[in-house]
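According to TrEMBL:
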COILED    559-586  coiled coil
COMPBIAS  662-673  compositional bias 'Polar residues'
COMPBIAS  674-683  compositional bias 'Basic and acidic residues'
COMPBIAS  698-707  compositional bias 'Basic and acidic residues'
COMPBIAS  714-738  compositional bias 'Basic and acidic residues'
DOMAIN    336-442  domain 'PDXDC1/PDXD2 second'
DOMAIN    448-553  domain 'PDXDC1-like third'
Amino acid sequence: VSGQDMVSILQLVQNLMHGEEEEETSQAYRLQNVGEQGHMALLGHSLAAYISVLDRERLRNLTTRILSDTTLWLCRLFRYENGSAYYHEDDREGLLKICRLVIHTRYEDYTVEGFNVLYTKQPVIYISSAARTGLGQVLCNQLGLPLSCMCRVPCNTMFGSQHQMDVALLDRLIKDDVESGKLPLLLVANAGTPGAGHTDKLGRLKELCEQYNMWLHVEGVNLATLALGYVSSSVLAATKCDSMTLTLGSWLGLPAVPAVTLYRHEDPSLSLAAGLTSSQPVEKLRALPLWLSLQYLGHDGIVERIKHASQLSQRLLENLKNLDFIKTSVEDELSSPVVVFKFFREYSNRDQTSRAAQASTFQHPIMSNERHVYDTFNQWLGEQLAQLVPASGVDVVELEDEGTCVRFSPLMTSAVLGTEIQDVDQLVDCLKMKIPVLTSTLQLREEFEQEVRRTVGLLYIEDLSWPGLGVVRYNYHSDGKNDDKQEKELEKINTELLKKLNELESDLTFSLGPEFGGQKNCVYIGMVTEDLDVSELVETIAATGREIEENSRLLENMTEVVRKGIQEAQLQLQKANEERLLEEGVLRQIPVVGSVLNWFSPFQASPKGRTFNLTAGSLESTESTYISKAQGTGTTPPPTPTSSLAKQRLPGQKIFKRSPRSSDAFSETSSVSHCDDLEKMDQRPPTVSPGQEQGPLETEKTEEQKEVAQATKTDTEDIQSDKSPHDCTKVEEQENQR
């Protein structure tokens, strides 16, 4: 097969990048913030390919210059003196190379004997329990070590931040490993945990590592603040560590730039053995995209971007302090680049005492369920905020102690998304709109559960993972049916119930629940507002379900009723034919003789037939039809009963909404009194002559009374018009008899 031209290949790449037309708008938002600094980084990859074809001497000189310049700039920018740099694509690869360097340093015969040296004295790597998920397993797999070489250090439980490593407990763990013949090798600390953005006590950890001759490696988003003029003491201690990993791509919004691991080590041969340095010039070209981007931004541009992200965090934190039902989890309120918050409703002292007593009595089911509900609500809140304000870059994070929270980390997202101050203000406005909805739904969940449990025919389904008012199922009365048929009928009724509820003009959302993990044959009700009438909602669901069940039973029994009616009609018609045969005689049944006999002596027989009344489910004679020359109407079906909670609504008021009590009371009393007066006036015959003047009482009739009178008159006419034709026929017959 012959090759394709460049235009066709580029067109294919463009189609693969943008995909379908509907996906082009979502991709354009990510690409519009690349900017010139992003183009410089992308240009570095192309230039690296061109530079690699230079002659060996020029290539070596150029790569050495690029690598040394980039390393020098980064060490000065992040206050890491006398450091070397390793550039890598995967941000975990730098730590992996550092572990190999430490193994080569602590085990002198490792190059010759290999794993036999590790077997005699097992190495131990210590990682915080707040570290990235799966980091320890990746290190063990890549290094060929068993998982027993990885030790997870718990965080503080009594004093200090609950996201910081427990230094005292770490000291005891190291002593136990030394006593058991193991070799403490390396400690991975955090300057900004992946979840909450807290910084470990790096100063004390460094002292502990020096005491046991361990290597200290630091990583985290807070390392970006080392480039600012003011740096907190907890983060500044990272400059004394043995190595650190920087992810400049996300901090500065630079696409496709490598991560950097800065380290200090005096033996270049061991660095080469560990893979931190390379003799291949092409490997050194990894720093070219970063070399171009750093020159384009300059020192001031880099500091400005990091400073802008810190200002966004402070702006959000200041606004969150003024909001009720919002709980924040930050390490330092003065300078915290990561803001973690959650929706949480504080209870009064009396409520806390009662709930604590219930929790102790029932072995904490209330508190566990309550946390699960809050996790669900905060999950919904984070998804709503991310959807309403996509430029903010908020996401949902799971923390061990706080549960589900919403995280705002502009250092990781603002440079790529182009987040500005107005985006933070918009985020706060959206949060203010969602808080009343969350509080109202949380308050009405218990009332909804009680109403459903008291209502016959409804079953309350407890689903703590549903962010809404609750889940309800209409119970179908099986009448001895098998399970498969009952399940299908239950699904049919609840599906029709959901359809009927969605047709109502209300602000509520009814759905089948989540796509995965939800209950079957249920109606899920979403978030609600404080003016929801829960009793009316539950009564409407029950009444609608009963109506659907009755209609379903009627259609189900219709086939059997019609079949029995046809059989009965056939028997009656056969019997009628036998009776007619006896009345007419046998001679009239002979073809020729019967015609002659009928000509001489005609036989008058009234036609007899049968009609099937679907309403009554019975057979009736057609004699009345032939007499009156019109088919009878039969029994009029009873009207469908309406809900007992149906009430008169104000103009523009939607269903399931509570109206003000004063307006309800006024409308009810006024309507009753007006109707009574109008009935008395209609029953009283007119006694006023055409020339007689009206009294003062009648002249003061208000416009409202006139409207009610007109409405009552219309209702009276409608009631009279609803009379059955049978009643009208009786009235005509009585008039004719007179």
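Note that Cβ sites are derived from N, Cα and C of the backbone, with glycine treated the same way.
With helix defined as DSSP H, G or I and strand as E or B, the domain 'PDXDC1-like third' (448-553) counts 48 helix, 15 strand, 43 coil. Over the domain 'PDXDC1/PDXD2 second' (336-442) the predicted model carries a mean pLDDT of 83.
Residue counts of the domain 'PDXDC1/PDXD2 second' (336-442) by helix, strand and coil are 70 helix, 16 strand, 21 coil (DSSP-based).
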